[in-house]
Amino acid sequence: MISNNLIEQLEQRGLIAQVTDKTRLSERLYQGQISLYCGFDPTADSLHLGHLVPLLCLKRFQLVGHKPIILVGGATGLIGDPSFKAGERKLNDIDTVHQWVNKIREQVEPFLDFDCGNHSATIENNHNWFSHINVLTFLRDIGKHFSVNQMMNKEAVKQRLSRTDSGISFTEFSYNLLQSYDFAYLNKNHKVELQIGGSDQWGNITSGIDLTHRLNRRSVYGLTVPLITKADGSKFGKTEGNTIWLDAKKTSPYQFYQFWLNTADADVYRFLKLFTFIDLNAIDALEEQDKKNDKAPQAQYVLANEITEMVHGKEGLSAAQRITASLFTGNPHDMREEDFSQLAQDGIPIVRLETDAELQKALVSAQLAPSRSQARTLIQSSSISVNGKKQLKPEYIFTSEDRLLDRYTLLRRGKKYYCLIIWQ
């Protein structure tokens, strides 16, 4: 099962930003199974899209027979990684961080196989070893291996020191030592030979390689995946300023699906290589097919379907597709209670109204019309639909028949603008 060209495959997908000693790492991977890890600090109660590429990279290694370890930073999450951050992170209390650790553990489990023999995935928490090290031992046994001069020359630290509005605290400055020790500890106790992470972690990874060599006298490797950018230069992983989370309670499967569906043509084929396991030849064939097709490209649908199912499962994908189809046609009658809940969460604007409200008032309250007179004009011009049906009566008052599931009514102005009424 061990692949002798995994590094080459990752490069072809654009998944390698930096790698230490690529030739020797490739040779080591060819020789047999290795253990590798990627760390995820609990800086929130959910992972977001930025975590997805390294997480899926672990899966790519596991699929060819290597053993992945998820390291949840129960200790490092209490400190905060300063890497390329403009200012000091807010320190979260221990109870909060421990709650986030548990949520992240639950979140990563579906991505890897924890029951596949000798390459089963495992999850570790660095709080388990740091909680047993006192400060004197750490400074004597670990700190002595670090040069402050070299630490200050790390690009992430240099950027912080160059800012006049914020420096860097000793707390965050010491983060590099903690992450480095993680690598040395995992190498000694779990035979880990490779750390992967985002390209912003390069300085921390190379420090860990150096410390592991000093403490354990073993050769280990580092590999970073690129930080994802969009072709137009805008930030990846956000929509209208809001982070796209992996937790369905923070970003609904519908909104998650829409994010990928709205991927620009300039990005979509690259994202298929980065985020899916579709064969590269199949992706190239899809691109050629889309170029020849006069209709809308299919790549966005393939991308949205693949990743939504991967993160939210078949039910999450089905719900996202059902909601999308209902909004496209303007007919919400096939939607379920949980579908309306997703729309209310973050899908479209909502307005809560009392019984027997007028349509004109609802349109103004929903900001689909700036005034009652404009609402009247929109109704008379056939621009307003109620649950998919044109409503032409300017003085229309909602009835119980307009309430889907006895609670919801979908308003639409034109083809693009929606609002969900939730009846009180």
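Each residue, glycine too, has its Cβ placed from N, Cα and C.
Record note: among 42-51, 192-201, 292-301, 372-381, 42-51 is the stretch given as motif ''HIGH' region' by Swiss-Prot. Of all Cβ atoms in the shown protein chains, 23 besides its own fall within 10 Å of the Cβ of Tyr37 (L-tyrosine binding site). Under 8 Å from some Cβ of the motif ''HIGH' region' (42-51) lie the Cβ atoms of residues 72-74, 77, 80, 89, 92, 97, 99-101, 103-104, 107-108, 198, 227-228, 236-237, 243-247, 250, 259, all in the same chain and six or more residues away from its ends.
You'll find the Cα of Tyr37 (L-tyrosine binding site) roughly 27 Å from the Cα of Lys238 (ATP binding site).
With a threshold of 8 Å between CB atoms, the same-chain residues lying at least 6 positions outside the motif ''KMSKS' region' (235-239) that come near it are 48-50, 228-229, 255, 258-259, 262.
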